[in-house]
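Engineer: Right, I'll just put the structure down here and ask away after.
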Amino acid sequence: MFNEITKSVTWNGQVLELSTGKIARQADGAVTVKMGNSVLLCTAVVANKAKEGIGLLPLTINYREMAYAAGKIPGGFFKHEGKASDREVLVSRLIDRPIRPLFHPAFVNETHVTCSVLSYDPETPVDILAIIGASAALSLSPAPYLEIVAASKVGLINGEFVLNPTLALLKTSQLDLVVAGTSGSVMMVESEAHLLSEEQMLEAVKFGFESFQPVIKIIKELAEEAKKPKLEMQALYPASLKKEIEKLFVKEIEQAFAIKSKQERSTNLDLIPEKVLTHFVSDIENKKYSNYQIESALKAIESDILRNEILEKNRRIDGRSTTDIRQIACEIGLLPSAHGSALFTRGETQSLVSTTFGTSLDEQIVDSLEGEYKERFMLNYIFPPYSVNEAMPMKAPSRREVGHGKLAWRAINPILPNKVQFPYSIRVVAETTESNGSSSMATVCGSSLALMYAGVPIKAPVAGIAMGLVKEGKNFAVLSDILGDEDYFGDMDFKVAGTSEGITALQMDIKISGVDFKIMKVALEQARLGRLHILEQMNKVISKPNNELSKNAPSTTTIKIDKDKIRDIIGPSGKVIKEICETSGAKIDISDDGTVSVYASDRDKLKVALDKIKAIVVEPEIGEIFNGTVVKVLDSGAFINYVGNKDGFVHISEVSGERIETVSSVLKQGDIVKVKLIGFDNKGKAKLTIKNADKDKSSNNTKPKTHVNNTKDNSEPEQRRDSSKKRAWNEDNNAEIAEVITERKYFN
């Protein structure tokens with residue numbers, strides 16, 4: 001029934017298996033990828049008809065993580081997979097980027113690639129397996145997919161490169177790098193690094209590139225046996241058409257490109273297509289040429305003009321040389337109510353960034369195949385239509401926005417303080433208010449400025465720069481700080497972020513059949529010089545974090561209590577902690593280890609919450625004096641709430657130094673009285689006295705006194721508390737509330 005074909009290779013000590021012919025046989029290409037206990041199904045479907053006139057390849061990549069792959073049922077009200085998570089969006093983009101440039105330029109058929117994780121093994125990199133599976137599925141399909149791609153993940157642990165490190169190993173790694181490419185060149189790089197040098201990054205890319213070559217071999221072997229006939233492709237446009245357009249319109253195009261302002265240049269360039277189509281209207285009616293062919297030829301001419309200016313004259317469309325950086329302007333603190341803010345402008349690209357502090361309760365909860373975890377640092381990148389003067393409605397974050405935000409997150413995350421050094425959760429929002437290239441790197445620069453102004457003790461300022469490439473044969477030019485048009489018509493988008501000491505994030509996308517390591521080395525060094533220049537400009541405005549947080553930032557403190565006291569603070573069904581939060585206006589977060597974090601908008605609210613917590617967790621000791629509240633009066637005595645939620649009993653004989661007939665003649669419910677703890681009965685219930693309590697030094701915080709119980713009840717041994725026992729409240733953390741409350745200084 002099945003004509004299954006399987007190819008396998010031992011890769012990094014594990015067997016990687018690719019098979020086709022058993023599952024999803026009606027898809028144009030379908031490959032099952034197995035490694036360890038991970039199983040992925042990758043399919044490719046190609047539409048029969050071309051979709052002309054859209055100006056780009058209609059390729060859609062969908063990566064899905066099925067909950068059952070990890071033996072889980074999806075959370076939420078609807079128990080099925082919903083919209084794509086950020087993780088799924090990011091991996092979908094990771095698959096798309098090395099694959100998209102390798103289709104025939106004239107191919108415009110709708111193409112859908114789906115990669116589903118059916119079984120999950122945390123010891124294997126499923127994102128890497130998805131890239132491999134997608135490449136294999138396309139190789140089997142009719143799509144004119146010109147070269148085969150594979151990928152690998154690289155870590156750096158104890159100075160050694162590690163191939164496809166596990167999730168556990170990545171936690172100790174200085175590098176998390178994904179490399180994808182063909183048998184001859186690198187197509188895509190994505191990484192987060194902890195201040196690595198350019199040389200280390202280049203060596204890591206080489207290591208990853210060499211590591212996936214055996215995988216390309218088995219994909220080729222599988223395709224040779226199982227591939228379907230490829231679609232025959234024609235040239236995108238006749239060469240004669242391009243020559244005719246050049247002859248008639250090249251001067252006008254050159255004049256438009258000579259305009260340095262983006263808006264004016266775009267306006268003039270947008271007028272040309274209509275003139276060209278009008279000139280060829282009879283040829284279009286006679287079906288000699290199509291609109292799409294004419295527009296494609298025109299775009300090719302525009303590309304040639306821009307590229308020739310750079311390669312032959314070392315001149316870019318805004319007049320800069322290949323290494324020049326656009327003019328930079330930095331401003332901080334422009335949003336008075338925000339905890340931190342900055343405006344970073346580089347040429348016609350601008351990012352408005354704000355920083356907000358929250359509590360551990362504000363951390364982002366992420367549900368993944370590995371399990372649920374929290375993200376303390378959040379960075380949201382927003383790209384509104386007005387930033388490029390487009391009249392469009394604002395929508396939910398696009399895949400591009402999610403991807404750019406994650407790149408900026410990777411750049412900033414390595415230099416943030418840990419939770420002990422800085423107990424807040426942090427949200428950064430970067431809104432691109434103008435865009436003409438490299439908006440994600442403007443986000444990195446603006447985020448660094450806003451964090452420093454907000455008082456976050458980051459390790460060092462971070463800047464980012466986007467590099468471009470124009471390559472014709474062996475001749476090439478690497479461009480620093482690229483414009484939007486240079487990105488569109490160029491061959492590479494190479495983004496590097498880091499401090500003056502090293503790289504924190506790297507992303508490379510290629511539009512041609514790949515680049516060699518010589519070009520990458522030049523690009524990395526040129527990016528380093530550009531990054532240092534940008535940092536120099538940023539440092540003129542702010543070079544280190546402010547010593548104090550904004551007055552709008554919440555106050556916070558963290559204390560330690562005995563773990564067995566956690567339930568007392570929480571109370572039945574959360575009643576106690578809810579009451580503390582409501583009456584104080586503070587937020588409280590309690591960890592399983594007894595760490596209690598208290599957050600409030602001001603010091604007074606924080607003190608109220610701390611006092612209430614102290615009253616609950618304090619271990620009362622014999623001889624201490626308390627201000628108590630009468631809660632119930634009986635004939636034999638009275639129950640008095642003397643600290644927190646603790647009640648004690650005052651016998652009628654301990655109510656007064658004089659004989660009384662009834663307790664109610666002296667005490668009434670709600671009365672505030674001074675009481676002394678004199679012991680505990682055999683059930684651990686507190687015994688209190690009012691006699692002579694007001695003559696002793698009265699304080700709810702007096703030092704514990706040794707007290708010998710003088711109760712007349714000798715039927716049971718006295719159950720006394722050891723006066724040397726430490727309180728559940730850690731006094732070192734509470735020397736004085738004013739010292740505990742943050743003074744907005746977090747520097748050692």
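Placement of Cβ uses the backbone N, Cα and C atoms for every residue, glycine included.
Below, the features straight out of Swiss-Prot:
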COMPBIAS  699-712  compositional bias 'Polar residues'
COMPBIAS  713-722  compositional bias 'Basic and acidic residues'
DOMAIN    554-613  domain 'KH'
DOMAIN    623-691  domain 'S1 motif'
REGION    693-733  region 'Disordered'
Engineer: Average the pLDDT scores across the domain 'S1 motif' (623-691) and report the rounded value.
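Structural biologist: Mean model confidence (pLDDT) across the domain 'S1 motif' (623-691) is 89.
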Engineer: Can you break down the domain 'S1 motif' (623-691) into helix, strand and coil residue counts using DSSP?
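Structural biologist: Helix, strand, coil within the domain 'S1 motif' (623-691): 6 helix, 35 strand, 28 coil.
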Engineer: From the DSSP assignment alone, can you count helix, strand and coil residues within the domain 'KH' (554-613)?
Structural biologist: 32 helix, 16 strand, 12 coil
